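To keep things clear, I will list the structure first and then write my remarks on it.
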Amino acid sequence: MGNKQTVFTHEQLEAYQDCTFFTRKEIMRLFYRYQDLAPQLVPLDYTSCPDVKVPYELIGSMPELKDNPFRQRIAQVFSEDGDGHMTLDNFLDMFSVMSEMAPRDLKAYYAFKIYDFNNDGYICAWDLEQTVTKLTRGELSAEEVSLVCERVLDEADGDHDGRLSLEDFQNMILRAPDFLSTFHIRI
Amino acid sequence: MAQPLNFVLNVPETPEDHGSQEPSPYDESEVHDSFHQLIQEQSQWVAEEGLELQQREPGAGGQETSGHLDESFCFVGSGQQALPGPEDALVHSTATLRILASMPSRTIGRSRGAVICQYYNRSVRLRRRVSRPELKGVRRSARPSLRLYDLELDPAALQEEEKRFLLVKELQGLPAAQRDHMLRGMPLGLAEKRCLREESQTPTGKQRGRQGPRGLFPCCGRLRDACVLALHSLGLGLLAGLHALRPWRYALKQIGGQFGSSVLSYFLFLKTLLAFNALLLLPLLAFIVGVQAAFPPPAPPGSARSFTGLELLTGGGRFTHTAMYYGYYANSTLNQPCAPAPAGGRCSREAAGLPYSMPLAYLFTVGLAFFITCVTLVYSMSHSFGESYRVGSTSGVHAVTVFCSWDHKVTQRRASRLQHDNIRTHLKELLAEWQRRRGSQSACGRLRRVAVRGLVWLLSLGTTLGCTVAVYAFSELMIKSPVSAEQEGALLALPVVVGLLNLGAPYLFRCLAALERHDSPVLEVYVAVCRNLILKMVILGILCYHWLGRRVGTLKDQCWENFVGQELYRLVVLDFVFVLLDTLLGELVWRLISEKQLKRREKPEFDIAGNVLELIYGQTLTWLGVVFSPLLPAIQIVKLLLVFYVKKTSLMANCQAPRRPWLASHMSTVFISLLCFPSFLGAAIFLCFAVWRVKPSSTCGPFRSLDSMYEAGKVWVRRLEEAGPRVSWLPWVHRYLVENTFPVYLVSALLLAVIYLHIQVVKGQRRVICLLKEQISNEGEDKVFLINKLHSVYERKERSRHRASFATVGTRIPAPQPGVMSSHPRSRLTLCHPPVPCFPQAGKIWSASRAQGRATSCRKSSRGAGTLTVHTGTCSAECWVRFAHFDSHSSLFTSPDCDPLRCCPS
């Protein structure tokens, strides 16, 4: 027990446990993963809450993210300033949302933010195009992409304003039972 | 070339903008960072992704502002090129947009303030529901007031700080567990959550401290606090322990990373089966096997045979008289004070112990274990159904494919490439299907397809029938030529035949299925599952008839229960052997052939449905055999563990992820229900029949002197009746509730009524949902109508104002963004001279083709910088160039060939 306590104080660990979906052991494991990303940058003592950020290049090179077409968006959405550089809090937050225990609403909220490429609070046709392009590595022709976008907007846009608001998105997610299992990263 | 005259305009805040301080959601988040960072981010992004410079770059750094500007570009300028822009949005002016953006429904979930507010409302609702304090006990100021409701109505009314304060107060009112739950589910940053937690925790402690002395027992409150805290940490510890017990974390991650959710669902199903078997085995071990092993019965004469090794396959020989089978268990009361004890010494020592009636224990433990399994199974099935089948889940395939099909678990490059390809093909298929659905198919083609399908069904049913007849004939043959004790190997003949049929028939079905081409892959899987299931269940049914109908008659003087137990043991073991064979032949050999001979680089696909059906079949065998061989679940557990590793190894080496989209959650629901409905229910019916109707053999087992196994319970009840009035309610319960058929009918009728009511309620809800959906769509149309009206009013106003300003200055900035611009003092709009507004009515200033050429050349040269946003709009075929947020201090346009001003006509 002794050497475990040197990284976090008891209160810190408890706070992390209460605010994320992780157990103590998982938090420690995640911390060591985080520390491994930049050993010379991240101290092994977090009791004084140091202000450390791991740059996006390192976050994006984690095996869990490196082949994910949305890795940049994920890092941006969860980082404080939207630049992809992450503190430990952001890092834990990201994996907490992507964990198995996180509820559907929370996941849907962050998924919406991830797909909202221009951060305007809606998924508009342009965001959709980006999504489709990333999903298919740009191997669909322009007409196909626009046709897909048109169909998606047609299906999911409940209030006919030509773009998807968070509500539209959540309604759509409700109908997709697989969302919970696919929007999930095992650590 | 004359130097063009340039206007660099500082955008002034018009008086109108001062007046309209509408809370725009864009303002609520942080204003953008430095421009320099934006350039870096974007150039990096472009270099990384290798994509063409988009017309409108997603602003990575200056998020809200650039997004906002983009939007306004979209509306005024282009939007016609590649993206099918929303038609109605195209024409909206900024004022309309601002109103739209500040509509209450739009602000939810977009800014931090709105999130906090939403969660505040939610926690208020929760607290009201959980513990509504009595009004008279609460001080006046603390009573719930209309103020809360007013907040619910207007989320934008309060400042963020105030909302936050209210949220903290609400959180303080909640019990600890609920507060944590709420905090975890909040879409806020972790740092913010921790702050909220701190703030909502400390005053609660103080409050409790204050409340303490007022109560009757001052220490009570503190004690309760300590208890709550201890329980909290205990709960966390237990949770951690459970998580540590979670086996195969790494293996599952590896499988999920390489093959995605679909293949993972097979292994998760296997894990579920392990849990079911453990649940079944624990009571059996504790109350039957363990107890009987502690009081071993006298060994029957001449049973000490040597161990040959064949027993592992046949389950006979030396295993016959062990705790493995029914025949070993005594029909006496164990631990009786000095009964005819097998070991005299033990009797005297444990004379004080409770008597333990083995027949009763046997009956009740098996019943209890089955009941527990049944409850768990039904619970998990209903849970799974609730998760995967929702109202209206059939519509919206495209949207679901685009947003939910990427499996974030996948970590391997190959697998991720495969997933890209799968999604692309799936999207293409969907589009093709959608286009085809609008056309129609010829009657001839449809007829031919129906004929082919009918033929294939006929063939597969014929195969099933053939297999059944073969098994039946073979079992009759086995009865006619009884096997002597020495040739135990011959006993394996029937299980081998069954295993071979089970192995071969699915391959035949697969070949047949290749003939009929189904439209949807899901339907194909369902059809395959259906055929295989019919085959397996029919074969098992025949075997059950063979055991209970025929064997019981022929094995009059022997222990038929032992025989059935051994038969099931053989089937389970051989099933495992055939799974191994299938893995070896179907996966390894096929891969070698396709790699070496056919020179294809494709590996065989992992057949999820077939493998899951194998598991279900094995589990059915286990359930069938529980009464006759109480240790069969242990064998099954060992088998499942081995299968896990064998399948995992084979999967990693030989297989690739399925190419077809696989609705993992639907499928796991289907598999759980298959496990419940034909498999568990069939086994339960078989066992009920064996317990109630079939006479147990008279030479062995705990029920040897009775007419049926159920008699043991009856005898016990009768004895209780004689024993005294203390437990007289039990015989009464037995007589009036179990033996009397009326209550049973009543209960089942009630159950049916409840189910019927439930179905009706669901139906009604479904109708309501449809109505609500219609209403939403109507509301949307209404809104669009109103927006258009609003816009036309604004446009008229704008047009008149615009005419006036254009006449005087000759400059008009299309769509300024007051909210954004004013927040950044140095921001400027640089316009070419003469300005080229995009309003068609403003008139052409210079020829369209010339302008377009300029713009294109400029865009080309600006590709490196990546911030120059150029719109060659189709709007009146005129070009206009606009530089958003030109920061005069940044070294943006240092390169001489990309001077924004050069775009302008000389």
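Count begins at 1; order follows the chain as displayed.
Just so it is clear, glycine is given a Cβ too, placed from its N, Cα and C backbone atoms.
Bear in mind that the values here come from a model prediction, so they are computed numbers and not experimental data.
What TrEMBL records for B:559-665 is domain 'TMC'. Annotation source TrEMBL lists region 'Disordered' at B:1-32. Annotated transmembrane segment per TrEMBL: B:228-245, B:266-295, B:360-380, B:455-475, B:490-513, B:525-548, B:568-593, B:669-692, B:742-759, in sequence order.
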Between the transmembrane segment (B:669-692) and the transmembrane segment (B:360-380), do 3 or more CB pairs sit under 8 angstroms, pairs being 6 or more residues apart? yes
Same chain, outside the transmembrane segment (B:525-548) by at least 6, Cβ under 8 Å from its Cβ: which residues? 460-461, 463-464, 467-468, 471-472, 475, 498, 501-502, 505-506, 509-510, 513, 518, 560, 563-564, 567, 571, 609-610, 613, 616-617, 620-621, 624, 660, 662, 667, 670, 674, 678, 682, 686, 689-690, 694
For the transmembrane segment (B:568-593) and the transmembrane segment (B:742-759), check the count of CB pairs under 8 Å (sequence separation 6 or more) and say whether it reaches 3 or more. no
By Cβ distance under 8 Å, which residues at least 6 away from the ends of the transmembrane segment (B:742-759) in the same chain are close to it? 736
Quick one: average pLDDT across the domain 'TMC' (B:559-665), no decimals. 87
Sort the residues of the domain 'TMC' (B:559-665) into helix, strand and coil with DSSP and give the three counts. 81 helix, 2 strand, 24 coil
